[in-house]
Amino acid sequence: MTNGQQDNEKKQEQIRVDHVVKEITRKINYLSENVKDLKESVIDIRREFWEDVTVNLEELDDFYETEASIKQQAEFLSERERSHGQFSERIDTLKRLKDSPYFGRIDFKEDDEKEEMPIYIGLASVMDENDEEFLVYDWRAPISSMYYDFPPGPANYDTMEGNISGEILLKRQYMIRNGELKGMFDTGLTIGDSLLQAVLGNQASTKMKSIVATIQREQNQIIRNEKSKLLVVQGVAGSGKTSAALQRVAYLLYRYRETLTSEQIVLFSPNPLFNSYVATVLPELGEDNMQQMTFYQYLNRQLPKSIALESPFEQMEYYLNGEGENFKTRKEAMHIKASLAFKAFIDDYLDQLGEAGIIFRNVTFRGKAIVKKEDIAKYFYSLDDHISLSDRVEETMEWITKEVRSFEKKEVGADWLRDEIELLDKEDFLDVHQRLEDRQPFEEDSFNDYTKEEELLRKKVLTRKLRPLKTKIKRKAFVDRLKTYRQLFEQTAYQRKTEGLGNAWEAISDLTAQSLKDKQLTWEDATAYVYFEKELIGFNDVRTIKHVFIDEAQDYSPFQFAFIKKLFPVSRMTLLGDINQAIYAHALHEESLLSEKLEEKHERVELTRSYRSTEPIVSFTKSFMPNGHLIEPFERDGSLPVVMEVENLKMVEEKTLDFIEMYQEAGHQTIAVIAKTLAESKELYELLKDRVDAELMTQETQNFGKGVAIIPAYLAKGIEFDAVIIPNASNENYQNALERNLFYTACTRAQHELVLLSIGEPSAFIQDVPTKHYKHYKVHAIFKNSR
Ligand SMILES: Nc1ncnc2c1ncn2[C@@H]1O[C@H](COP(=O)(O)OP(=O)(O)OP(=O)(O)O)[C@@H](O)[C@H]1O
């Protein structure tokens, strides 16, 4: 194409952009008018709600009529409110489209047609003025899939009616900003390296961005997968796993919009910081966010406040600091308790409990056991042992409730109630009085009234006093699950099969029993305990959830995954993770969920291309990972990582400050100092806080802004920064396999710049990297200002 032709073509394209923008503007105006009307109508309905409802409660028929009338009016109101909400959302989407109505186009000629059709693809669909033709197709529409899946040439896509094949004659990408065509490129298979270069070259943001315009073919496989019940994605650091997961949520919400809502999708995320990091992606795509939580948050919510649950980060900190007399035992426990052998051990115990051994509590009221634990046990174990434990607990609960009811009947005459009546509020007396009057308006016998009144008052007090107890019974507090669980670890209690639990089991048992006695639940016990409890008192599985996403799935143990599957029995699952970023103690021993040997039937997708970091950073990080040769960098220039050996902590402080200043001057907005542990992060924070504006990130941190973050590596999971400084990459600090993964996780957070400081000899992992992949400096104390 000559330059003149190109200019002409660009002009034509701009004319089309203008036309589409004009139509979008017309639609926005039209909808805004409607929204205004709807808003007024909602306000009117609310104001006049009771005027338009016929209220008549005298006769039963009238009552029903009134009820129907209220219902009708309420439905009318909520229908209006819903329409108002939908219109507003559509206006928001159109406003986004007005700025950039589409990003891609394919000219597709169907096999039986003579002429090709240009298909323009954008964030959402836009019809022409007569609602006949698509001016823009939603990126999730079936026809749009070809844009991501095929280069120019033969192509096909699936529809409800079957597969449609034909030929793509042109594939084009656009950069449109503020309604102006800034650039366009005709592309082949991969979607615009030049566009991707531009996107990835930008500064990292504190919020993740959507990648619709540049989704790659292999990512599209994840996004549009509809067949598998279990989809497993092993993707190297920065390969777009999280991005693909979020686009997938948006895709599913579109594809199944009649039957699927965002509340029916759950994403388990690695840390609270990550929740806010990804929070804007779906709203940007015009969809609501799915439910999002960390697995720790989920487990913690299941436990009573009296139990102190260790977080995975606290466990990690304990593990990395490697101190304490029981360290070896706990380390072993972390690995054993992650296993399915441990689950089998618990299942076996649960079987035994079917015969005997559950520890019950007295049901106590005012210091007196009104149902004794021995009687509860007797009742429980008199029930048919073919019935599951939880069903028997349920039946026992009903029996206890009856017992309490008969106690209540007798107790109503107790002396203590008289004193309590004295303490009642005036409102309570009035209420009882009113009830008596309603019941017997013409009763003359005032003596009888008086005793009735006292009886009602007594009942009122008693009911109120018994309420907390009844709630506890409903929650099955009469089963002492913590003690029953603890019994499993107390040496004398049971003859147990301990195969598969290793030689250290006795020591592990003692340690576990001790911490349970103190009401401390370690992270390695958390899943097991909640699982045990649910098996015992009832597994309220969650059938409303249709899709579960687990990000950073390599960090979940087989036991945890088995538990999650049991919790969401009807959900489809998408597991995404990276074996190289497995940082929990258990993950090194146990079979990973991402392993090719995963027994479950599943479909597996591998992502090997890394988009986040520049090519020099990827070349550096891949060099010290086993199977690193499988990691492919995306070609994007940048400076070589810097490894700097220094002599002491003071120099770390000075150099960190120098680099921060340099990066800030270069315009980088998010800079992270990524330490190995929280202890190390705190130490650095204390050194730096008066000299630079920096924020210390802990497990409680929910958000991060632009600027300098000091953060332990395990909390930086899933997140990215323009520049990363590793303050102590010494051999002493990063040695074993787990530390290697932690080190890799830390380094791969960098988008543009990476520097590693080391007090003394750098980590052996760095020594594995060919020297051409980094710049190496040794700085001695006397030259401390040079680099
Ligand atoms: N197709 C794409 N187009 C544009 N940017 C992309 C694409 N795929 C990935 N990216 C960018 O690469 C970066 C890494 O993506 P993401 O965080 O989804 O990767 P990840 O595999 O979850 O990483 P990690 O496991 O290291 O946390 C993000 O900035 C994301 O926007």
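Even glycines carry a Cβ here, placed using N, Cα and C.
These features come from TrEMBL:
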BINDING   GLY235, VAL236, ALA237, GLY238, SER239, GLY240, LYS241, THR242  ATP binding site
DOMAIN    214-614  domain 'UvrD-like helicase ATP-binding'
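Other residues of the same chain near the ATP site, with their Cβ within 8 Å of the Cβ centroid of GLY235, VAL236, ALA237, GLY238, SER239, GLY240, LYS241, THR242, are SER243, ASP578, LEU607, SER610, TYR611, ARG612. Summary: among the binding-site residues (VAL236, ALA237), the fewest other C-beta atoms within 10 A of the C-beta are counted at ALA237. In the structure as shown, the Cβ atom of GLY235 (ATP binding site) sits within 10 Å of 24 other Cβ atoms. Note on the domain 'UvrD-like helicase ATP-binding' (214-614): mean pLDDT across this stretch is 88. The secondary structure of GLY235 (ATP binding site), as reduced to three states from DSSP, is extended strand. SER239 (ATP binding site) has a Cβ environment of 26 other Cβ atoms inside 10 Å.
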